[in-house]
Amino acid sequence: MYKDKVDKIQRKDIEDSGLNTPDDSSEDDIVEEVQIFKKDIKKQRQSVSAEVFGQFNKKENFVPKVVSKPQELQQRIKDKLNQAFMFNSLTDKEKEIVMLAMEEKKFKKGDWVIKQGEEGNDLYVIDQGQLDCYKLYSGESQPQKLKVYQPGESFGELALLYNTKRAASIQAISDSVLFSLDRSTFNHIVRDASIRKREKYEQVLTQWSIFKSISDPYEKTKIADIIEEVQPQNGQILLKQGTYESDIYLVLEGEVEAQDKNGQTQFTYKANDYFGEISVVLNKPQPFNFVVKGSNTVLVVIAKRSYDSTLKIVENVLIQNAQKYKQFL
């Protein structure tokens with residue numbers, strides 16, 4: 001099984017790296033010279049683990065931070081944690097620790113939350129408002145706008161994961177409310193799960209043709225952060241013909257068929273194929289029912305709400321590839 005193979009690789013990598021200890025999604029692009037878990041895997045993992053697992057940062061010395069807050073605010077934070085993919089793999093108890101440690105911070109329109117080149121000590125989850133992300137690339141005189149952050153999204157974790165400086169700037173474009181999480185709580189509660197998920201899915205996504213066309217490690221990391229793995233039932237309809245349902249699916253294992261209104265199969269999707277992009281990139285209703293074939297199908301999903309922050313940069317490729325559906329639209 002695909003999942004067993006990936007989990008086996010993942011466990012071995014963690015054991016080799018020293019990350020398998022009791023210790024326990026992003027504007028923070030790793031600078032171009034740093035290749036996340038690629039060129040110098042051992043060196044990177046030592047860097048990742050050094051701060052968390054050092055002599056004075058062991059789990060037994062960790063005392064959870066508790067910031068007093070009313071029940072209404074506690075519930076708002078819980079709601080946003082459930083939306084932010086960074087925290088998906090945490091247990092309810094771990095989410096409770098994170099919620100209690102978080103602080104509410106308010107920013108006015110035009111305020112800079114973080115600036116490129118600064119030290120980073122907090123992760124942020126957006127409760128209200130919108131924020132622009134800018135990055136100044138080497139050799140350029142003006143920063144490039146990378147994306148707009150929306151409520152439920154998070155940023156700032158890469159500086160904590162890899163102990164690097166902020167590699168992009170975030171500015172509020174409206175009055176905004178954020179929830180900040182301190183470095184210590186992040187290191188002890190969130191960090192391991194985040195590293196394992198990214199490593200696992202970056203390995204998976206290297207087989208995807210669209211993913212191969214993305215050169216920026218920051219963009220690849222964002223995709224690994226937001227995808228969700230699902231194992232649908234045989235015969236399940238994932239996307240219905242005539243609707244604007246628009247999640248994008250990547251097949252990891254098994255098969256999915258695109259069936260027309262007469263039940264005839266027009267396309268079959270196997271490992272490393274994707275589907276569902278029609279409503280997203282062409283703004284057209286789905287021309288088929290996308291039906292699971294077999295009981296061992298494994299997929300990953302990129303939700304429409306995450307499209308702008310992940311696959312928007314390869315939209316031209318998605319549009320070009322979608323031309324194969326032209327006669328059915």
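Every residue gets a Cβ built from N, Cα and C, even glycine.
Because TrEMBL annotations are produced automatically, they should be read as predictions rather than curated entries.
Given the structure is predicted, the values throughout are model-derived calculations rather than measurements.
According to TrEMBL, the region 'Disordered' annotation covers 1-28.
The compositional bias 'Basic and acidic residues' annotation in TrEMBL covers 1-15.
What TrEMBL records for 86-207 (among others) is domain 'Cyclic nucleotide-binding'.
According to its DSSP assignment, Glu157 (3',5'-cyclic AMP 1 binding site) is helical. Annotated 3',5'-cyclic AMP 1 binding site per TrEMBL: Glu157, Arg166, in sequence order.
Per TrEMBL, domain 'Cyclic nucleotide-binding' is recorded for 216-311 (among others). Per-residue pLDDT, averaged across the domain 'Cyclic nucleotide-binding' (216-311), gives 89.
Within the same chain, the residues at least 6 positions away from Glu277 (3',5'-cyclic AMP 2 binding site) whose Cβ sits under 8 Å from its Cβ are Ser246, Ile248, Leu318, Asn321, Ala322, listed in sequence order. If you look up TrEMBL, you'll see Glu277 marked as 3',5'-cyclic AMP 2 binding site.
The binding-site residues under consideration are Glu157, Arg166. Their Cβ neighbour counts within 10 Å are lowest for Arg166.
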